[in-house]
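S.K.: Residues annotated as region 'Disordered' in TrEMBL: 1-41, 510-545. Annotated compositional bias 'Polar residues' per TrEMBL: 1-16, in sequence order. Residues annotated as domain 'Poly(A) polymerase nucleotidyltransferase' in TrEMBL: 28-222. If you look up TrEMBL, you'll see Phe107, Gly108, Ser109, Asp120, Ile121, Asp122, Asp175, Lys236, Tyr245, Gly254, Val255 marked as ATP binding site. What TrEMBL records for Asp120, Asp122, Asp175 is Mg(2+) 2 binding site. Among the features that TrEMBL reports, Mg(2+) 1 binding site is placed at Asp120, Asp122. Summarising the annotation, TrEMBL assigns domain 'Poly(A) polymerase RNA-binding' to 375-432, 435-506. Per TrEMBL, compositional bias 'Basic and acidic residues' is recorded for 517-545.
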Amino acid sequence: MVVSDNLDSSFSSLTPQVEPKSPRKQWGVTEPLSLAGPSDTDVQRSIELEKFLIDSGLYETSEEAAKREEVLDKLKLIVKEWVKDLTRLRGYTEQMVEDANALILTFGSYRLGVHGPGSDIDTLCVGPSYVTREEDFFYVLHNILAEREEVTELQPVPDAHVPVMKFKFDGISIDLLYASISLLIVPDDLDISNITVLHNIDEQTVRSLNGCRVADQILKLVPNTENFRTTLRCLKLWAKKRGVYSNVTGFLGGVNWAILVARLCQLYPKANPSMLVSRFFRVYTLWKWPNPVLLCDIEDDELGFSIWDPRKNPWDRNHLMPIITPAYPCMNSSYNVSASTLRVMMEQFELGKQLCEEIELNKSHWSALVEPYLFFDDYKNYLQIDIVAADPDDLRAWKGWVESRLRQLTLMIERDTFGKLQCHPYPYDYGDSSRPCAHCAYFMGLKRKVGEAIQEGQQFDIRQTVDEFRHQINSYLYWKPGMEIYVSHVRRKQMPSYVFPEGYRRIRHSLPANQKLADRHGERASKRRKESTEPHSGEGSPDKR
C-alpha cells in the first residue's frame, strides 16, 4: 500500500474529515486522505496564486500558441511527404503511396497543457512498419530537415535511452521521437492508448510511444484537470527555481513532477490549487521512500514487456524514489535519483513545507516560495566541470554527452567515499564568453555527510574517481578535435564571476526567505560545521581530457 498508516495519521489533525453520505469515489490505489473542499480563505489564496503565476510569465499569449500550432502543422506535412517518398522508393503501388501516412503527436508539458513561453514541444512521429528509425528517420528525414531554412541547431541523438532528434523550427525547440508500429498504413484516428499499438515492436519503440500514452493516462486519472494543471505549473516553477528540475542529473523531470502532483490530486480530490501546493510538501516530506508513488495498479500483460516489479527484478530493488508511470508497461520514471539528489530534494521539500505554513498564516507570499536557490553560497567546496569545443555546434553535441554522464560522477563519488562525501549536482550550465573557444561549465556542491566524525586535516582523495569518469567521457563515439573536459576543485570564494548574473558576487545584507528558514532550523550552520574537510581532486592543475 502506497500511503502508510503513519502518513494517514499524520494528516488526521491537519485536514478536516468529511463524513460522506454515500461511498467515496476512489481515485488511484487508496482512498482519499480528505474530501474537504476549499474554505473562503483557500479560494482567495488560490486566486492570488493564479495571479502570481500569470505575473511570473508562465502562460503564453494567443499569438505564441498560434505559432506553435503552425509549426506542428508544417511538421505534419513534412513527415507525410517523407513517408510517401519512401513508399514510392520501396516499389509499393500508387494506391499505397496515396494512402501512406505518418502522424505527429505531442506529449510532455504540451500534451498535459502546462507548457509556457519558450518551452520546447515534445513530439512523436508515428510511421508504418517499413519505415525504419536507424536509416529512414535518422538519415533520410534528418537530411530533409537539414535542408530547410526554418530548421536550425539540428542534433540527432540516436544512442539515447529514447532516441531523439533535437532542433529548432522557426525558433521553437522541438524534440522529435520516432515509432514504427506494425501497420502498413497509419490511420489518422490512431488510438495511441490502445494496447494493440504495442504489438510486434521493440522496447525502444515502446519507450517512444509511452510518452503520449502516459500523458493521456495522467489526465484521465486526476479528479479535476484544471486544478491539476495550476498546481503542476506552480510546482514546476518552484522546482526550477530551487535547482531540482532535471531528470538527467538525478533530480526529477516533467513527467515525474506530473505524477507526484496527480497522486496528490487523488488524495485530496476536492482541494483547490492553493490547498494542493501546501499539501504537496506535507505529503512528500512524510513519504516513506522507497515506497512507490502509483496512480493506478501495475498491470502485467501477455505482450511480455518488462514492468517495474522489485519482487522479480533485483535491479528495481535499488531504486530510491520510485515514481511509476501509469501506462503499460509501467516503469519507474525516476530511476536516475541517487542518495545525494534524494537528500537535496527532501531538504527542499522541508523548506517548501515551512514556507507554505507561513503563507497559510499570512506571514509570507507566494513569491517567497519560488525565490531562487543560492547554490553558490550554500557550499564551501565545489567541483567545476569545464567543457570546451571548437564551435557552438560541436559544443552542443559534446555538452549533451557530458551532461548525460554527470549523474555517473555523482554515483562514483558516493561509491568511492562510501557515501561519506555527498554531491549536489546543479542542473544549470554557465558559459565564459571571454574564452576564445565555445565553453560551458557545470558545478557540483560537495559536503561531508552529516554525523560523520571529522579528523583534523583529513581530505577526500577523489582523483581516481575523476579519472574513471573522464575515461567514460572519452568513449564518446562522435569526438572531434577541440572537444575537451577539465575537472577541478574550487572553493566558494574562488567561484568564477560568470556564474553570477551581475558578473560578480553580490554582498547580501538580507537573505531570501528560503535561506532564512534554513538558518532558523540550523541547516546552514550544520552544513558549515561539517564542511571543514575538503575533497582533493588535483586543484591547481585541473584534470584534462
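Using N, Cα and C of the backbone, Cβ positions are placed for all residues, glycine too.
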S.K.: Looking only at C-alpha atoms, tell me how far Ser109 (ATP binding site) is from Asp120 (Mg(2+) 2 binding site), rounded to the nearest Å.
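M.R.: Rounded to the nearest whole number, the Cα-Cα distance is 9 Å.
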S.K.: Please list, in sequence order, every residue of the chain apart from Asp120, Asp122, Asp175 whose Cβ lies within 8 Å of the Cβ centroid of the Mg(2+) 2 site.
M.R.: Gly108, Tyr110, Ile121, Thr123, Lys166, Ser173, Ile174, Leu176
S.K.: Comparing the binding-site residues Asp122, Asp175, which residue's C-beta has the most other C-beta atoms within 10 angstroms in this structure?
M.R.: Asp122
S.K.: In Å, rounded, how far does the Cα of Asp120 (Mg(2+) 2 binding site) sit from the Cα of Asp175 (ATP binding site)?
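M.R.: Roughly 7 Å, rounded to the nearest whole number.
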S.K.: What Cα-Cα separation, expressed in whole Å, is found between Asp122 (Mg(2+) 2 binding site) and Asp175 (ATP binding site)?
M.R.: 5
S.K.: Rounded to a whole angstrom, what is the largest C-alpha distance between any two of the residues Phe107, Gly108, Ser109, Asp120, Ile121, Asp122, Asp175, Lys236, Tyr245, Gly254, Val255 that the record assigns to ATP?
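M.R.: Across Phe107, Gly108, Ser109, Asp120, Ile121, Asp122, Asp175, Lys236, Tyr245, Gly254, Val255, the two farthest Cα atoms sit 19 Å apart.
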S.K.: Enumerate same-chain residues with a sequence separation of six or more from Val255 (ATP binding site) and a Cβ-Cβ distance below 8 A; give 'none' if the list is empty.
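M.R.: Looking at Cβ-Cβ distances below 8 Å from Val255 (ATP binding site), excluding near sequence neighbours, one finds Gly108, Gly211, Val214, Ala215, Thr325, Ser333.
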S.K.: Can you tell which of Phe107, Tyr245 has the least company, meaning the fewest other C-beta atoms within 10 angstroms of its C-beta, among these binding-site residues?
M.R.: Tyr245
S.K.: Fewest other Cβ atoms within 10 Å: which of the binding-site residues Ser109, Asp120, Ile121 wins that one? Let me know.
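M.R.: Asp120, out of the binding-site residues Ser109, Asp120, Ile121, has the fewest neighbouring Cβ atoms within 10 Å.
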